[in-house]
């Protein structure tokens, strides 16, 4: 067990990156944080008597060496009206790396300890300032990788997820109450009214939340997009076009890329993990063979493959074999490149006649960018997240912990419905309802062990 649950300690941490910058924020919290900090603040008398939610100007003092360390602005908060629910100090100082070290060292000498990662947010949760779902949303916001994931992560801050789960819990509590009354009075001819329709609605809501995580995960972790094809087909030119900068070497000599090159780009708020692979051909040596084997492995694992074909040349053997093996593969987009040159009609006709889904065939030029907009649109329609309707106002699950608990709750609801259908004893129904309520309570934080909280909050960034 870490120091996270030692709430009597006065803690301090840098809340901004440890880099040279115009300003930095050093935050602290604890019952004695204000009097302890006042010992190293020039305007200490005003600080000790000041009300909460006030701002104070002064200097950080090194009393041992009788000198000023920095000119600062101090934000003072008094319990319970603070993020942590405790007395808190936030120091806005100049963003000097040396200055930051000196100020934090003075905090530590004054009786503070360094905060654990996520400790400020944990104290906020324990003080019932925020629900656990909102605490996890803060973590996802901080580490969002794209505009889309950031916008989706903001949604849980409204408390909609908590309200949604609370409604399901209330439905199950009604079952518990009715069963408890029945078992207490043991009236043989009394029938309990089970809210079957409400349980079905709860099942549908849980399934919707589970599906929302699958969409969020794809958006957050990124879509794997692999560029494949024979040598000198234009894969590296297409790779550089996606990135809008040169990363792959573009050359008229075939086989310039012998190993894969990886980069990321964003399209409509979705992160793409892009791979430029070695050209498919009969390998001349061990190094080339390894590169081609890796290319084949990436193609199998990809969410989407763009197979680039040089439509200005005769079709190489490797293209014949690949097209024949993958002509019905829905995750492969065949791109005929170099249409700015003289088109080889036999190559074009063979590809068109072989690929079963004509909409998965695009003609482009990476040189003059003809057909590129069509390619972008096609990529977006081929990615499965486009087929799932998810809006910024929808309730989104962005935590794997929440997802695991929701799947457990969903399985329990299915079991409950099955038992209702089989007309099992009421006490068995009550047990299942109780299990589901506890499961949902773990998501919101109403039911949580110290070990679970410790493991969750230690993954937060320092100062949060």
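Placed from the backbone N, Cα and C atoms, the Cβ positions cover glycine too.
These features come from Swiss-Prot:
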BINDING   27, 90, 129, 464  (6S)-5-formyl-5,6,7,8-tetrahydrofolate binding site
BINDING   232-237, 251-257, 276-279  GTP binding site
BINDING   236, 257  Mg(2+) binding site
DOMAIN    222-384  domain 'TrmE-type G'
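Overlay of Swiss-Prot annotations on the structure.
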residue : record                                              : DSSP (3 states)
27      : (6S)-5-formyl-5,6,7,8-tetrahydrofolate binding site : strand
90      : (6S)-5-formyl-5,6,7,8-tetrahydrofolate binding site : strand
129     : (6S)-5-formyl-5,6,7,8-tetrahydrofolate binding site : coil
232     : GTP binding site                                    : coil
278     : GTP binding site                                    : coil
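By neighbour count, meaning other C-beta atoms within 10 Å, the densest spot among the binding-site residues 27, 129, 235 is 235. Each residue contributes its Cα atom, and for residue 232 (GTP binding site) and residue 27 ((6S)-5-formyl-5,6,7,8-tetrahydrofolate binding site) those atoms are 56 Å apart. If you draw a 10 Å sphere around the CB of residue 232 (GTP binding site), it holds 22 other CB atoms from the protein chains shown.
On the 0 to 100 pLDDT scale, the domain 'TrmE-type G' (222-384) averages 83 in the predicted structure. All protein chains considered, the CB of residue 278 (GTP binding site) has 27 other CB atoms within 10 Å. Other C-beta atoms found within 10 angstroms of the C-beta of residue 236 (Mg(2+) binding site) number 24, with every protein chain shown included.
Between the alpha carbons (Cα) of residue 278 (GTP binding site) and residue 27 ((6S)-5-formyl-5,6,7,8-tetrahydrofolate binding site) lies a span of roughly 50 Å.
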